[in-house]
Amino acid sequence: MSCLYRNSYLESDQFYVAFLHILSIVQVPLLIFGIYIIQSKSPKNMAKVKFSLLLLHLSSAWFDIYVTILSMPVFIFPITSGYALGLLYYLKVQPVVIAYFGFVSMFLLGPPILMSFENRYNHLVRQDPDSPNRKIKRGIHYFVNYFFSFTVFIPIFSTVLNPELSRKIAHEKLPCLPLNIIDNPRFVMLGTELYVVISCLLFYVVIIWSQILYFFIFTANFIFKTKSQSKRTSLLQKQFFKALCIQITVPLVIIMVPSSYIVYTIYSGNLDMMLSNFSMIWMSTHGLFSTVIMLMVHKPYREGTLEFLKLRKGIKMMNQTLRVFNRASSTVI
C-alpha cells in the first residue's frame, strides 16, 4: 500500500469544492434544458419512448446534482473512507447516509438503461405490448429492479467504525495524509470486508446487466433481421435504436474510466489523492455528456435545440449533411 499526497492546491478541499461549484453552474441549466426538450420536442412517433428517455435523463441529472451539490464526496478508497463537503452535511445528514445514497445514485443508472431497451423490446417484439396484463407485469418488473438497486448495497454500509479507530487505521495505513483530512470531524470509515463489497457489486452486475443484454440482443436481432416491415418503418427503427445505443454507451464509457481507477485503487491499496479527486470530478460529468449526446443524436431534439438557439441555418446545413451521408451509406451498402 502506497500513499501520495503532494500538498498542492489541486488536492485541497477548496479546489475540489470550487471546481464542483463551477461544474454545477454549467450542468444544472443544461440538465433542465434537457427536460424541456424531451417534454416539448418529442414528436408523436416518439410517444412510446418519451417516458423511458425522460427517466434516463433524470437519473443522470440526479447523479450529477447529488455529487456536485448535495454530497461533494471526498473518497479515500483504499480504506473505504471519506467525508462530505456538500449541502447535506450542513443539513446534519449522517455521513454514512450521504455515502450510501451517493453509491446508490450511481447504480440507479442501471434500471433506466434496462427500461430503455425493454421498452423497445416490448413495443417491437412482444405480441401484447399494450394489454392490461402486460402493463401490470412491466410495472412489477420495474419496481423489482428499482427495489433491488436500492437495497443490494445495504450490507456494504452496515458496519461503520468509531471515529477513534477510523483515525488510527488511517494514520497507520496512509501516513502521507495530513491531519486536516484524517482528523476531520466529517471523516467516516466503513468496516465492511472487501469480499462483501465485491459480492454486492457482482450480484448487481449479474442481475441488472444480464437483463440489459437480453433485451438489447433480441431487440437488435428483430430490428436488423426482420424483413416484414416497410423500408421507412425499418429505417426509423434502426435510426432510433442506434441513437439510443450511442446515448447510453458514450456516457457509460465516461463513467467507467474513473470507476476503473477506483477499483484499481481499492485492489492495489495505492492512493493518489489528486487522482482520486479528479476521478470523482470526471465521474460527475456523466449527466453533462449524457445530455449533450442526447441532444445531438436524436433528430427532433437536435432541431429543437438549434431552434431554441436561433440557429435555423444550422438545421438546414445539418440536415443536408445527413442526407448526403445517408445516400453515401446506402450506396456503399
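Cβ atoms here come from the backbone N, Cα and C positions, even for glycine.
Copied over from TrEMBL, here are the features:
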{"type": "TRANSMEM", "residues": "15-39", "note": "transmembrane segment"}
{"type": "TRANSMEM", "residues": "51-77", "note": "transmembrane segment"}
{"type": "TRANSMEM", "residues": "97-118", "note": "transmembrane segment"}
{"type": "TRANSMEM", "residues": "139-158", "note": "transmembrane segment"}
{"type": "TRANSMEM", "residues": "194-224", "note": "transmembrane segment"}
{"type": "TRANSMEM", "residues": "244-267", "note": "transmembrane segment"}
{"type": "TRANSMEM", "residues": "279-297", "note": "transmembrane segment"}
Flag the pair the transmembrane segment (244-267) / the transmembrane segment (139-158) as in contact if three or more Cβ pairs fall under 8 Å (sequence separation 6 or more).
no
Under a criterion of three or more Cβ pairs within a distance under 8 Å and sequence separation of at least 6, are the transmembrane segment (194-224) and the transmembrane segment (97-118) in contact?
yes
Under 8 Å, at least three CB pairs between the transmembrane segment (51-77) and the transmembrane segment (139-158) (pairs 6 or more apart)?
no
Can you name the far-off residues of the same chain, 6+ from the ends of the transmembrane segment (97-118), with a Cβ under 8 Å from a Cβ of it?
49, 52-53, 55-56, 58-60, 62-63, 66-67, 70-71, 73, 82, 84, 86, 88-89, 138, 141-142, 145-146, 149-150, 152-154, 156-157, 188, 190, 204, 208-209, 211-212, 215-216, 219, 244, 248, 252, 255, 283, 286
